[in-house]
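Lifted from Swiss-Prot, the feature list:
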- 1-582: region 'DNA-directed RNA polymerase subunit beta'' (REGION)
- 64, 66, 79, 82: Zn(2+) 1 binding site (BINDING)
- 454, 456, 458: Mg(2+) binding site (BINDING)
- 583-1676: region 'DNA-directed RNA polymerase subunit beta''' (REGION)
- 804, 859, 866, 869: Zn(2+) 2 binding site (BINDING)
């Protein structure tokens, strides 16, 4: 086997050598010269064709083409008759051919990039090279004059002019691929590289990028030793015929690979070009043929890369060589990375509760088929069959012996079970098969979690490992009992669930209903169980039992020991139940006595403890015991769910009343304009969230005390199925729901599913439910794609060495997450460097806050990770083995939960759970003091608060007691310094790490009125000082446009008083027509009486009517002669199938109505004429007329009938003219119909501006055949309405009467009367008026008493009526002044409370008048759209409140977020980062050394704050690329290049690790840090060289940091690669090509002569080798 693979450009000679073979007679074969494939009669390949046996080898094993040699004994002989070598037919899979091209062509991969290699080599643009190759432009090859430069492009015209001008100064031009080949041959690569290096030294940054790219490609290419001109092909290889097969289908037709069609096109065009060159055809024809050949080769190489795709018979683009390689169905992914597996089967799975953990049930029928070869071998070995055929017959007869042998064969032979999708390695596990009846595979219930299987119709595949090695691997590594822990987290994945959990829960439950009146005491556990079996006590009866003093008793955390354990003398008594004793004896005896109700988490803890203490064998046995125990008692408890079990807590209504009252208070605060609309919304939402949470706790308490064995309660609280949220929805309330955009609907669903939802509630809840289902289907695909990218980026990360020797590490806080890590530094005597941290070691580290551990991120091993830096293997709990493929495990660990999360979206059905902000409360009564700088703000509920701008301690003091709270900047304080507070008072909200986004909420006017600002200050529409926007109510009246106001501002008005009036005037001279809601002014009208059968169109387009004339008796041929239309008749029938031609012959005479033609009865007598098209009969024409056989005449065409016919002795002929034509062996004289010709356009009616014009057109052209056997109209007459260009408008309406049509040119004025408007007509209907005459008077009339307010800019009138004023009789002197604000709920006097808010507008001694007002509180940064004093209408947009809201953390945001982080995408609206350490001063950052960075956006840090480099200064997401560069730039002066890169990478890695974990943790998913670290290592291990210094690398090259670290004078910068980019930039071109962009990767690899060292897994799988990991590693 090879150790490495190189890919390079092939020379023409090399291509020929692949195919050429010399026959014994000296003939050289290999060139394919014919486009034929197989002979259609013999079905054998054509010689020298695309399937030629002489070139590619015989079609049948050991048989030549002509059949002279048949049998293996002639092996190696070449037939002297047909030239075919007698050999195996499989040589047709690897023998190649070639096509010698008549003209060179370019390879499309190197022409059409990106990048275009031909353009880069020649230093031309890709479009210029394309123009030359496709014969659009000439290129100058050599020149002796300065007027034309080499490589200059010339058009045909330019070339002719230059040739004339420079006749004495010769220059050479070329065109096509030949010209490009010449230029490439002239290229001196070494010289070009030297020039480029020199240019690069002096180049500016703008040019450097292109120069570096060109230098990199030329330098790499030069090292391959290839010739650039080989990119132009003169010989085209033909791939072996078995890779482009042709197969015969059932119906005798053939199906062939698209490649054969593409090769055929190339060969046809090549042969045609050769012929044209031989006959010296004109240059233009040859050029065209060369271009077509170039296009044919392009299509073969990569169809559709340039121009339109070549399509096959069914209009489908043909699959070219490139398409065969790339994509999911391509060669790499379909056939090399994934193959169909022999010895496999699949079937539905069912549960096998009786199975052991390492067993599976295999259907006998399937086992017999899978293990048939083994059974046959045993039958033959035992002498029961002499050969395979006999053995197979025994099996088919199903003899008893077969069953026995099958049991023997299967007994010690493990099988692999796989469930798709295989998201992690636990998706394939090995089991010992147990033969079962039926056709379903039986699966152990405990392995379902690993397979993510359930029994609702899932299917699984079975694979049989054949070799001894494969069986050993299956048994030792893949057996289900060996996969006890999850590789992603290290937790047990074999876990009792569902029924098993319910059984254990029921067994150990506390049931008050089954308690005895007096206490029972027992001597030991056996006596208790004896009493239980004798039914003296039941499963849940409390008993006191004597126990050993050294028994480990595990109680509930909240339990008091004296309630459960009594000491009497030296004896110890335990209060427990028979159920808990059974659980101890059968399951928990390894750990201790669990004297509590067992739920899922207890079982998980028990299994993990046993695994850690006793090892895998014990844990496996325990798992099986728990399964048996759980299933038994799940059956015993007979759990069933009835509607009566869904009991609603009686306290529900009280909770709702409390919530309703709280919301009413909030509503009143809003109406009093003390909080904004958004603050009200937040308060309402949080009130309902709190109510929902309280109700949930009440439900729990209710079930716990009244019915602990309730099925719903048991399921949710044991962890068997469902959760508290679902129980709350069933028996509490559904709560708040989200709309399709993820925004909350503040109308909660108060009902639960037990009570049933109202229609409104059902509609609200349908949003979330649907969103969940849609999201699931959309995101599952995304998650699979993420896993694929992760696998590709990390597939070559393998543990290849024991220790890299690094001294670096990462700081990790002491927690359970440390288990499996290796210490990087000594901590104490027990914990030394390079020691693996175990659970026991954590105890020794408990006094340490954090430790430095080794990590994949800091490993200095090149192209791998060392054992110590990786640490423990989470799946086995010991140090990771050498050759472990940790990259794949990491990718699966991150990808698999992504899929799980997407699939789990819909289970809560869009129910909203509020994200509570962390808060701090007072721990004692006392006085608050603090000194930090803070600014005033408001909480999300509108409470007054203070935002800390600096980190500050807060002290709470009382009688010598003092508590200190350390608050960081961003904390919101709810108390002032010096304020006295009570115990448990809310002091502060802590800043959260939650991601916020800006949002707006519009404020609309609830009533019409006048705007008044109260303490509100604006700057350019932005609220700078918060305050209240009041709308003083009134009736809004809209003034008609152009109206005259009849009242003055502040005037008192009465009912029926006219306030304003306006006139409706005529726009032009015309007749008035009054309609219900509009008035029409008719400027012009035109009438037309319908005498003829015109078909009138209903639209008022230009063509308003049409009719048809000149009906023919049948179809025929139309001629235009002498201004007339002449028709030579013929009935024409279209032939659709061969049946139509039965009994019909050319020249036959057919009588009318005697027979049917093409399924239609023939109505015309005449002679049959059959019309062919492409040798196929398409039409039958019946030609009436006189046929004169054996007659010849010169008078063909149109002839006067009597002149012609009289000469042949025919007297009677009805038509004046006839048409003569040759027919069969004589002439046919056809009659001619003559019709009047087309008349010029004629005006049929006219008025001042309108006219009706008649147009005639013939529908058939001269000599056109009218294909019909029925009557046809020849002439179309159209009436067109024309409006004169000088008319004032062109809006025409049509009016119908019985026989008349009238068209009117009219103006329409809509009359839409608003409220309080009246209209008086000043003209009569149908009256003629002049221009600008008043037609009507529109008046605005008052309906009530009041005062007028007028706003001239808005054309609005406000009437403050009695309805807008409330009078309060106080009955005694008062303190109210005019202008005072009274708010709703204010006490005006004893027993008198304000019903609405308003302003005092009048007062006297005993009463006040208040004008009703609605207030809106506007916070800072609100955008206000109205000004003080404006008049607004109900529904007008007043302002937009700007606020921050939490981004919802559903995985629908989560998965794209993970993708965003791992793909290292640059955010759209990124924030501005501090480029260096410094202080904020006046919208800029100033460093200590005087550097200044101007800041463009809105600052999110306060003036005078000190910030570190890389900190965000403005709003937006952080751009990780920029962040990395800033940290690198700041570290370089102090740390040097390599250390600065490592340091900046380390900071970025920590940041990205935290971000990824944050997304997964928010969904409750655990992933070990080290898996994410492995992926991040791949993303942050490379740098881009700016100056290669003394290294052999090139500028702009991507290099491993660890590889470049040893060189001096190297200048580089670190780069963060997204996972896709990192996967494509791997060192293995085979791996990269099988991932994405196959053709680009292969083209680049060939240009650079890349060598694949076959280090990773993918490239070895593709090459068919053992993978260099696990048991396939070289050292094993």
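Glycine is no exception: its Cβ is also placed from the backbone N, Cα and C atoms.
Residue 869 (Zn(2+) 2 binding site) has a Cβ environment of 30 other Cβ atoms inside 10 Å. The Cβ of 82 has fewer other Cβ atoms within 10 Å than any other of the binding-site residues 82, 859, 866. For the binding-site residues 64, 66, 79, the largest tally of other C-beta atoms within 10 A is found at 64. Excluding 64, 66, 79, 82 themselves, the residues of that chain whose CB lies within 8 A of the CB mean position for the Zn(2+) 1 site are, in sequence, 53, 65, 67, 68, 69, 81, 83, 84.
A straight line from the CA of residue 454 (Mg(2+) binding site) to the CA of residue 64 (Zn(2+) 1 binding site) spans 57 Å.
Looking only at the region 'DNA-directed RNA polymerase subunit beta''' (583-1676), the predicted model's pLDDT averages out at 85. Of the listed binding-site residues, namely 454, 456, 458, the sparsest Cβ surroundings within 10 Å are found at 456. Here residue 79 (Zn(2+) 1 binding site) is positioned 63 angstrom away from residue 456 (Mg(2+) binding site), judged by their C-alpha atoms. Annotation note: residue 66 (Zn(2+) 1 binding site) sits in a coil segment as assigned by DSSP. When the Cα of residue 804 (Zn(2+) 2 binding site) is compared against those of the binding-site residues 64, 66, 82, 458, the shortest separation belongs to 458. Residue 866 (Zn(2+) 2 binding site) and residue 458 (Mg(2+) binding site) are 40 Å apart (CA-CA, integer value). Over all protein chains present, the Cβ of residue 804 (Zn(2+) 2 binding site) has 20 other Cβ atoms lying within 10 Å. For residue 66 (Zn(2+) 1 binding site), the nearest neighbour among the binding-site residues 859, 866, 869, judged by Cα separation, is 866. Comparing the Cα of residue 79 (Zn(2+) 1 binding site) with the Cα of every entry in 859, 866, 869, these being the binding-site residues, the smallest distance points to 866. Cα of residue 866 (Zn(2+) 2 binding site) to Cα of residue 64 (Zn(2+) 1 binding site): a distance of 59 Å. Cα-Cα distance from residue 64 (Zn(2+) 1 binding site) to residue 859 (Zn(2+) 2 binding site): 62 Å (rounded to the nearest whole number).
According to DSSP, residue 866 (Zn(2+) 2 binding site) sits within a strand segment.
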